[in-house]
Structure formats: structure tokens, C-alpha cells
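For reference, the structure is listed below as C-alpha cells.
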Amino acid sequence: MFEILKKDSKSKARLGKLHTQNGIIDTPVFMPVGTLGTVKSVSPLELYNEGFKIMLSNTYHLFLRPGMEVIEKFGSLRNFINYKGAILTDSGGFQIFSLAKFAKISDDSVEFMSHIDGAIHVFTPEKVVKLQEVFDSDIIMPLDVFSGPEASKSRAEKDLDITLKWAEISINAKNKEKNNLIFLISQGNFFEDLREKSAIYLSELNADGYAIGGLAVGEDKETMYNMLNISASKLPENKPRYLMGVGTPEDIITAVSLGVDMFDCVLPTRNARTGSVFTSKGNLNIKNSIHKFEKQPIDDECNCYACSNFSRAYLRHVFMSKEIFSQRLLTIHNLHFYQNMIFNIRQSINNDNFMNYKNNFLEKRLK
Ligand SMILES: [Zn+2]
């Protein structure tokens, strides 16, 4: 299922291939976020052609809208959204606890109120796996409990016990006849012993891969990297490791050095919609008046469609005029920036030059 092709000699970075029912994914990989089955403002074909062979969607959101009956009619989520690549669906645990109007948790289920129409629903770990089997997701994520960054140790411990119990239920609920993969989610808030306990316990359950959750929720970077390092180092070496919902280019390249293989984050797409763009020399905001007359592209090292064809002045103009086109152009650029970084990361691991690439990349961005 997962092959490690090469390991970096100076860090824990590794180059791999993840086999899914809808294609082989080169890792490290960045998965664009299409919560509702669309990555905002770009087409599935554009994504695929940009080299994104796997994208993310969300069970909680799709369950509420358009609803299971609609997707079931198309045979799979992939058919419904007409994407050629693979799809990982997040369970929606995070959304239930952060978005729903209320979420009442018991040992074996969570009852919540839809943030859309106020309807009451109940998710059990079994049900969430079955919903993702209806989607025919390439990678299924189990329901877990997100207790938030402020949780006390006793609360975190209690939530972790439920998450671990649910992980076991989820892996047993999965239909073994089908080729969907299932990953389990390692949690533990910001407590070193809980992070360890979670990773060790889940490793025994022999999932197809392991996610690391509950990070980048407001903690400082040092804490995040420390927790990430504990989780990653205790998870099985021969399975893919997926850092959920993180992060900046700096976070990703650091996480790769700690042995993480898979990433998703809304940053490239969400930032684009506020005019914020990533460049090889740091981030800039296209709204800024210094760009008003600038003929140069966003990033002279980028060969995306936006940078190959348009000046900062034009991009600023369409952004300030609230033209839809500006969202597209800035999204195309930001996604290309992430993809290009990931491509370079893979190449540098292959050439056993990753730490050099990492240091140069970070130095140039922070200058
Ligand atoms: Zn560009």
C-alpha cells in the first residue's frame, strides 16, 4: 500500500508512493481542500493537471449538503464531482465540535445541530465509516473528538480515551472487501504523555495510515513542532503519516523533516481570496498600494498561469474591483506555489539534498 523509496540521511524526510484505488500518490504530498466537493474557483481538471492527484473533502459538510441520497445516486463522490484523482474525506469530527450549533458527546456517539438548518443528527463512529463508503472515498478518516486548545489534562485524557475507542470501532466497521483505505487519527492535545499514548495505541491497530490531529489551533510553533515530533516518531515507520490541516510553507517543510508524508490546508486557497499570496521571497498582499504600478509578476520564480501572463498592477486592479477572475488567478498562483515547493521537496529528498533545500527555502522566505 505504501512504499518508501528513499530516506534522507540528515533528517527523517522520506520519499514514498501511496497506492490508492484511484491512482498512485507520490509523497510527500499536499492535498488541496475541497470541503464541499469543490476547491474554490478552480476546476477538478485544473487541479489534476497541476499535479494534484489527491484532494480532500468533508463528510460532515457533504452529509448535510447535498446529502447522502444525491451522492449515492452517482455511485461515488468522485463521480459526482468529476475528479480524476483520489479523494480523502475527513470525518467531520473537527467541524462537529467547531461549527455545529451544539455537540453533545457520549461514549459511543455525538449528537449535533446542523449549522445550516438547525436539524439534529447523530453520528456514531460506525456510521461515519459507512458514509465514507457511500462516497467510496480513497482514504476514510474516523470520527474523533476535538477538545480544543484550552482543554485541561483530565478533559484531554477523557476525550482521548473516546477517540481511541472510536478508532478501534471504525477500523472494525470498515468493509474489508472494499479497497478504500482507512487512516486513524493520533491526538493527545498538548500533553506529551497523551500524544505518546495515542500514537502507540493506534499503531497496534494496523491502519493503512496515520494522521496527526489537533495541531495548529492557536498554540505557538515550538509547542506544535514538539507535539508533532512526539506523534510522528511514535507512529509506525512503514505507514504514511498525515498532518491534518497544517499549514504554512514553513510548517510543511519542517514537518517533512520530522517524517510527515501528507498535508492538507486551506491556506493557499483561503489566503488567495483575501489577496494574500505566497512567494519564494515571502508573502505579500496584492491589495497593497505599492503594487499599483508594478509590471512584474507576483513571483519572478513562478511559472503559473497568473505569473506568466499578468502584472502585480493588473492583479491588484482586478482584486480591488472585486472581479471573480482575481480569485481564480490568486488561487492558481498559491496552489502552484505549494505544488512547486512539494515537487522540490521530493526532488531534494531523491538527491539526498533535502536539508540544504529546506534551509535555502526558509532563509529566502524570511529575508
Ligand atoms: Zn505564480
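Going from the start of the chain as shown, residues are counted 1 onward.
The backbone N, Cα and C atoms fix where each Cβ goes, glycine too.
Curation plays no part in TrEMBL annotations; they are all automatic predictions.
The substrate site recorded in TrEMBL comprises Asp90, Ser91, Gly92, Gly93, Phe94, Asp144, Gln187 together with one of Gly37, Gly51, Gly214, Gly218, namely Gly214. Together with Cys302, Cys304, Cys307, the Zn(2+) site in TrEMBL holds one more listed residue from His291, His317, His333, which is His333. Among the residue ranges 7-13, 245-251, 294-300, the one that TrEMBL annotates as region 'RNA binding' is 245-251. The feature region 'RNA binding', as given by TrEMBL for the ranges 124-128, 134-138, 154-158, 269-273, sits at 269-273. With respect to ligand 1, the binding-site residues Gly93, Cys304, Cys307 contribute Cys304, Cys307 as residues with a C-beta closer than 6 angstroms to one of its atoms, given in sequence order.
Between the listed recorded positions, namely Asp90, Asp144, Asp264, the fewest other CB atoms within 10 angstroms of a CB are found at Asp264. Across the structure, Cys307 (Zn(2+) binding site) and Asp264 (active site, nucleophile) are spaced 24 Å apart at their Cα atoms.
In terms of DSSP secondary structure, the region 'RNA binding' (269-273) contains 4 helix, 0 strand, 1 coil.
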